[in-house]
Amino acid sequence: MEPILFYKMTGSGNDFVVIDNRSGSFCADAPKCRDFVVQVCRRKLSVGADGVIFIENDPECDFRWRFFNADGSEAEMCGNGARCAARFAFLTGIVTERDLRFRTLAGIIRAHVDGRRVKVQMTDPFDFQGAIPLEAAGRSVTVDFINTGVPHAVCFLPQEPELEQLDVAGMGRAVRYHERFQPAGTNANFVAVLGRDRLRIRTYERGVEDETLACGTGSIAAALTAHERGLVDVPVRVVTQGGETLTIHFDRMGPGEYRNVFLEGEARVAYEGRLWQETL
Ligand SMILES: N[C@H](CCC[C@H](N)C(=O)O)C(=O)O
């Protein structure tokens, strides 16, 4: 069978296989698509990634996408993936303008591509819930919750050293699967406030089922809930586990109500690949 062409991209350490699927040859058969994603995301056994992005035709927008986590689950949105998708479309000539729009399950995303830096306007966050008490992994914690395209729980820690030492995989899994957030589950973010303009974050991602080096929608959730608590001003810079900083702009419209949410950071191409079927 023909090798499959793809770009391997990283949005601040959140890494993705990006495929031009305007021919429609993927995703038509959901179980096959899910199996393909799971196989290709296996590190050391195939390309390895946190997720797969398929770019497809759309009647109104420049394109539409379908986003899949490494476990094969399809997610409504991915902030870092959106930045990679926008740059991929510009680099491969799917779009010719630096300002573009694409359709996702969460809604339409606008993006501006400026070299490696990409700024995306997110869909409006919703379902803010403040100060939820939880028993997780044997600890009593309090989390805020907001949906920034996908569901996010945010736990603020008093000091950065506690964040560095935290068992994010263990605590994250306990929050992600907590009954309070079923059936959809949630991503789990652990945050330390570094200043009125900066946060430090570590994220356990639903669908990757582990800590990732960055999470765009999680960084937004942390910025919005920190602002709701009066801990930061706009814009908020979020220092991710991979060391890169994401910048988040937004307007607060009222208690737990945010609009005009923008996520900005680098989206890089690691390599262009030809995927051989034998690793699937
Ligand atoms: N794992 C997330 C989707 C990807 C979110 C993250 N990679 C981002 O950059 O927003 C979920 O299933 O809810």
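Using the three backbone atoms N, Cα and C, a Cβ is placed for every residue, glycine included.
TrEMBL names Asn14, Asn69, Gly79, Asn80, Glu205, Arg206, Gly216, Thr217 as substrate ligands; from the candidate set Asn187, Asn189, Asn260, the record adds Asn187 to that same site.
Under the DSSP three-state reduction, Thr217 (substrate binding site) is assigned to helix. Just so you know, of the binding-site residues Asn14, Asn187, Thr217, the Cβ with the fewest other Cβ atoms around it within 10 Å is the one at Asn187.
The maximal spread of the substrate binding site, taken as the longest Cα to Cα distance among Asn14, Asn69, Gly79, Asn80, Asn187, Glu205, Arg206, Gly216, Thr217, is 15 Å. In sequence order, Asn14, Gly79, Asn80, Asn187, Asn189, Ile201, Thr203, Glu205, Thr240 make up the list of same-chain residues 6 or more apart from Cys215 (active site, proton acceptor) whose Cβ falls under 8 Å from its Cβ. For Cys78 (active site), applying a Cβ distance below 8 Å and a minimum sequence separation of six or more within one chain yields Asn14, Gly51, Ile53, Phe67, Gly149, Val150, Gly216, Thr217. Report note: the substrate site is defined by Asn14, Asn69, Gly79, Asn80, Asn187, Glu205, Arg206, Gly216, Thr217, and the residues of the same chain whose CB lies within 8 Å of the CB centroid of those residues, excluding them, are Asp50, Ala75, Cys78, Gly81, Val150, Thr203, Val208, Thr212, Cys215, Gly218.
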